[in-house]
């Protein structure tokens, strides 16, 4: 039975030093079974992304701008998975629900900053495909290792700076009563609702920053793929058009899935009273797990050069 840290009688005097995470309150007896698919997805995400990183690092033929961007995406996926899933599994397996005040806000910062970093990486990769298909002769002079280095710095700095105020503002609130978070993770709104203060500023900043970052990235992604589609439809060689549509189509579908599930999570958090709590919690967990599991498959394993790189590494190991 989960007990809050302070009772109503002393909630105004006893500060909160840790939080308790409650996962799927209506399915407590099913948590061990729920952990099985989550564990498999976690192992898939970690294994696939680690394999992709090692392959790109060790195979000299993959030391190219696009694959460096794939490495960045895999690194972001690994950090996101390690930030969220081990704690969720610890709750399921060992009932370790407590999370310290600093750890909670560190998790919040990583989640809030790394998800926009992923969308920004998708945007740069979409631009890479746009240049490769629409301006193939200029591709080597535009998409260089120096370009990727600058883009990577921009991705990290922009999102870290603009999302840092979210956990900072939330941590500055006073927590002096209920300490049970109705979630598996330290989501900003789930934590803010436990504070004794008005957190309107937090909600406004998260909304503006989140939609500014994600909205601008998604707009540029869709714009890039619009130009790509227009260029592909003009291809005279049918085989080239089919190949380009197959590759870029799978990328676009994955990005669409990523943005859709993120939009659903945001909307369900806003309308949380109309959405079953367990559904809301499940969505919060899955949108940190499914994209990291799918990214290396769609962007990596389906790529001929990546397959060849993995085969070479396996042959060396024999």
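A Cβ is built for glycine as well, from the same backbone N, Cα and C atoms used for every other residue.
Swiss-Prot assigns residue 129 and residue 307 to topological domains of the same name, so the membrane does not separate them in that record. Record note: among 12-32, 33-53, 33-53 is the stretch given as transmembrane segment by Swiss-Prot. Of all ranges given (147-167, 168-188), Swiss-Prot attaches the label transmembrane segment to 147-167. When the glycosylation sites 188, 198 are compared by the number of other CB atoms within 10 angstroms of each CB, 198 has the fewest.
When each of 33-53, 62-82, 107-127, 147-167, 281-301 is scored by its Cβ pairs under 8 Å to the transmembrane segment (204-224), the top-ranked stretch turns out to be 107-127. With helix defined as DSSP H, G or I and strand as E or B, the topological domain 'Cytoplasmic' (128-146) counts 16 helix, 0 strand, 3 coil. When the topological domain 'Cytoplasmic' (54-61) is classified with DSSP, helix, strand and coil residues number 7 helix, 0 strand, 1 coil. In this structure, the disulfide-bonded residues under consideration are 104, 196, and the one with the smallest number of other Cβ atoms within 10 Å of its Cβ is 196.
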